[in-house]
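Take a look at the structure below.
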């Protein structure tokens, strides 16, 4: 049990996919202007990452490995991701139409978000078992949601600040993301797995 907790904390803080591995930067910059869509996108991505991790593990170990078709893992994972994202989109559309409208094009774009495919491939590379894969996916989603909400709150404050003209817009966003990345590097060495 402690192993799973350490893996979760490590994935959220120490090895954050956005700020340390630089995966998922498109939605990180695109959906982080306001906190509400950031929370919705974070929850949707966490849901997708957790389910994708579970299904990618099952496809890899119970379909591809027995058929000696490991070379098709990337293609198989893309199909798994597409199905999970479509399912997530239907659930959000039925249960939270306002969130569905706010997320707009970013919801189906989770399919092409490199964090989702990267996580599935990293699970296989790191040889995680089923529970480790699910925890790694959940932790990756929580880490993504954490930095997305933090970044959105900072961008809301920056929108009200007196930022010099050359730094307005995306420039101050990149500087802020860089400073956040440096702050998260402070967690390095916190957990040794």
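Quick reminder: no glycine exception, Cβ is built from N, Cα and C everywhere.
According to Swiss-Prot:
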TRANSMEM  5-25  transmembrane segment
TRANSMEM  39-59  transmembrane segment
TRANSMEM  72-92  transmembrane segment
TRANSMEM  102-122  transmembrane segment
TRANSMEM  134-154  transmembrane segment
TRANSMEM  170-190  transmembrane segment
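Annotation: stretch 134-154 has the most Cβ pairs under 8 Å to the transmembrane segment (5-25), among 39-59, 102-122, 134-154. Residues of the same chain lying 6 or more positions beyond the ends of the transmembrane segment (170-190) and with a Cβ under 8 Å from any Cβ of it are 9-10, 13-14, 16, 19-20, 28-29, 32, 147, 150-151, 154-155, 158, 163.
When each of the listed stretches 72-92, 102-122, 134-154 is scored by C-beta pairs under 8 angstroms to the transmembrane segment (39-59), 134-154 comes out highest. Within its own chain, the transmembrane segment (72-92) is flanked in space by residues 40, 44, 47-48, 51-52, 55-56, 59-60, 63-64, 99-100, 103, 107-108, 110-111, 116-117, 120-121, 124, which lie at least six positions past its ends and keep a Cβ under 8 Å from the stretch.
Sequence-distant contacts of the transmembrane segment (102-122) (same chain, six or more residues past either end, CB-CB distance under 8 Å): 17-18, 21, 23-24, 26-27, 30-31, 36-37, 40-41, 44-45, 48-49, 52-53, 56, 73-74, 77-78, 80-82, 85, 88-89, 92, 136-137, 140, 144.
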